[in-house]
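Asks: Sharing the record's features from TrEMBL:
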DOMAIN    1-100  domain 'NADH:ubiquinone oxidoreductase chain 4 N-terminal'
TRANSMEM  9-33  transmembrane segment
TRANSMEM  53-73  transmembrane segment
TRANSMEM  85-103  transmembrane segment
DOMAIN    103-388  domain 'NADH:quinone oxidoreductase/Mrp antiporter transmembrane'
TRANSMEM  109-129  transmembrane segment
TRANSMEM  141-161  transmembrane segment
TRANSMEM  181-204  transmembrane segment
TRANSMEM  216-238  transmembrane segment
TRANSMEM  244-266  transmembrane segment
TRANSMEM  273-295  transmembrane segment
TRANSMEM  301-322  transmembrane segment
TRANSMEM  343-361  transmembrane segment
TRANSMEM  381-401  transmembrane segment
Amino acid sequence: MLKFIFMNILLIAFVKEWWFIQISLFLMCFIFSCFMGHDFSVSGLGLSLGSDHLGFILIMLSMWIMALVVCASQSIKKTNNSPDGFLVVNLLLLLALLLTFSATDYLLFYISFESSLIPTLILILGWGYQPERIQAGVYMLFYTLFASLPLLVSLLSFYSLGGSLTMGLVPCVESSNFITFMWYFCTIFAFVVKLPMYLVHLWLPKAHVEAPVAGSMILAGVLLKLGGYGLIRVLFLFPEVNKMFSWFWVSVSILGGVIVSFMCLRQVDIKSLIAYSSVAHMGLVLSGLVVFGWWGQTGAVVIMVGHGLCSSGLFCLANMVYERLGSRSLLVNKGLLNFMPSLGLWWFLLSIGNMAAPPTINLLGEISLILSVVSWSKLSMFGIGLLSFFSAAYTLYMYSMSQHGLFFNSLFSCCSGKVSEYLVLMLHWLPLNVLIVKTAMILPSF
């Protein structure tokens, strides 16, 4: 793992050359794919670093999304809006993500998990669009820090209990009293906010709407997955308490997902709609993880990868429309199918991916999660049915409102899309659909 971390640090010296950074990030991704181990092996061990199969998948996703972020942010280079600083911030964010997903020690995991917040905040404040970006940054900072400080206390308690914070050597908490309940909530609350779960999700739409395209892509593509990854790493430490409270998490996640779906149906801002849809998808991921089933965990990982690619592509599309028309409103951006017909195909392909249509890996993940949650409780069928229906409803709403209708902007014509933009969209869509052919790339259990 150290060689990839050092490669990432070395790239900071070449921030003057955008083309070199792009090629190097894709090259790192392909070289790293050659080191894929078995499901139960940990490779690249050393200095509290190493990646098992779960870490490997998310490191691959981080490198891939970051390479696409650099490709999609050419407008920052053209407008000369501090492009060198922009690349440095993105590379530092990738470094924090690599350390998080490859940490084998809970304290290193916590430090790198929290340090990813700083480059994200700089991206929003430095390259955001509206003055409201300061409020969005403060929301994100306080939500995350408020939830993460109890996690640090919890990890120190684990150290005093077992004398080690190495993953796999930390003892499980078997008792079920009030102190253990508080300990449990303090441990997983930071990851639930990062995911985010309904009720603690308000920072996400604000951050997405105010962030530049790079911030939105990396936030939706990878940073939300830190919450799911953290839950997989810590939930097994509380086997008894989690079984007692799993009904609470499943109820809030699924009912919250249905409520958020209704909120999506009344959004007029495209980025806000995509951001709220992330909350609905991640609610299903949380449900699959807390029921402690193999189907639930595998489905959650598949959805995390699929959602990372799909929502990142949708934010990229929304930015392309914003750069041409100067608005993200669905009331203004009507009839885009007549105005930009070539991009209409990509809107359709990524929209059906967002509603988990075949042959995307989102379908595989949702089937696994639905099997897991319904086998845990038959009553959850009603909530999951509503969630799946409205997931398709708000995606169709977004597509039909933006592509159909009478276009009444003052523009007569504009560029329907550059080759570099189509390349970025294809590199989002291709793994989303091709991985269904070889799902062992994501999970060897299939």
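Keep in mind that glycine also has a Cβ here, set from the backbone N, Cα and C atoms.
Each of these features: where is it, how hidden is it, and who are its neighbours?
Replies: Within the model, the domain 'NADH:ubiquinone oxidoreductase chain 4 N-terminal' (1-100) shows a mean pLDDT value of 85, rounded to a whole number.
Panel annotation: around the transmembrane segment (9-33), residues 56, 59-60, 63-64, 66-67, 70-71, 74, 77, 83-84, 87-88, 91-92, 94-95 of the same chain, lying at least six beyond its termini, place a Cβ under 8 Å from a Cβ of the stretch.
Outside the transmembrane segment (53-73), and at least 6 residues removed from its termini, the chain residues within Cβ reach (under 8 Å) are 4, 18, 21-22, 25-26, 28-29, 32-33, 35-41, 43, 86-87, 90, 93-94, 97-98, 101-102, 212-214, 217-218, 221-222, 225, 229, 232, 301, 304-305, 308-309, 312, 316, 319, 420-421, 423-424, 427-428, 431, 442-444.
Outside the transmembrane segment (141-161) by six or more residues, the chain places 106-107, 110, 113-114, 117, 121, 170-171, 173, 183, 185-187, 189-190, 192-194, 200, 202-203, 237 with a CB less than 8 A from a CB of the stretch.
With a threshold of 8 Å between CB atoms, the same-chain residues lying at least 6 positions outside the transmembrane segment (181-204) that come near it are 113, 136, 139-140, 143-144, 146-148, 150-151, 153-155, 157, 173, 219, 223-224, 226-228, 230-231, 234-235, 237-238, 241-242, 245, 249, 252-253, 255-257, 259-260, 275, 278-279, 282-283, 285-286.
Using a Cβ-Cβ cut-off under 8 Å and counting only residues 6 or more beyond its ends in the same chain, the transmembrane segment (273-295) has close neighbours at 192, 195-198, 201, 204-205, 207-209, 220, 224, 227-228, 231-232, 235, 239, 242-243, 245-246, 249-250, 252-254, 256-258, 260-261, 263-264, 267, 303-304, 307, 311, 314-315, 318, 330, 354, 366, 368-369, 371-373, 375-376, 380, 384, 387, 390-391, 394-395, 398, 445.
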Asks: Which numbers of helix, strand and coil residues does DSSP report for the domain 'NADH:ubiquinone oxidoreductase chain 4 N-terminal' (1-100)?
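Replies: Split by secondary structure, the domain 'NADH:ubiquinone oxidoreductase chain 4 N-terminal' (1-100) comes out as 72 helix, 7 strand, 21 coil.
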Asks: What same-chain residues lie close to the transmembrane segment (381-401): Cβ under 8 Å, and 6 or more beyond its ends?
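Replies: For the transmembrane segment (381-401), the far contacts come to 254-255, 257-258, 261-262, 264-265, 270, 273-274, 277, 280-281, 283-284, 330, 334, 347-348, 351-352, 354-356, 366, 370, 373-374.
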Asks: Ranking 109-129, 244-266, 301-322, 343-361 by Cβ pairs under 8 Å to the transmembrane segment (216-238), which is first?
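Replies: Per the Cβ under 8 Å count, 301-322.
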Asks: I need to check the long-range neighbours of the transmembrane segment (301-322): which residues 6 or more away from its ends have a CB within less than 8 Å of a CB in the stretch?
Replies: 54, 57-58, 61, 65, 68, 72, 208, 213, 216-218, 220-222, 224-225, 228-229, 232, 270-271, 274, 277-278, 281-282, 284-285, 288, 328, 333, 336, 340, 343, 346-347, 350-351, 353-354, 356, 360-362, 364-366, 368-369, 402, 417, 421, 424-425, 428-429, 431-432, 435, 439, 442-443
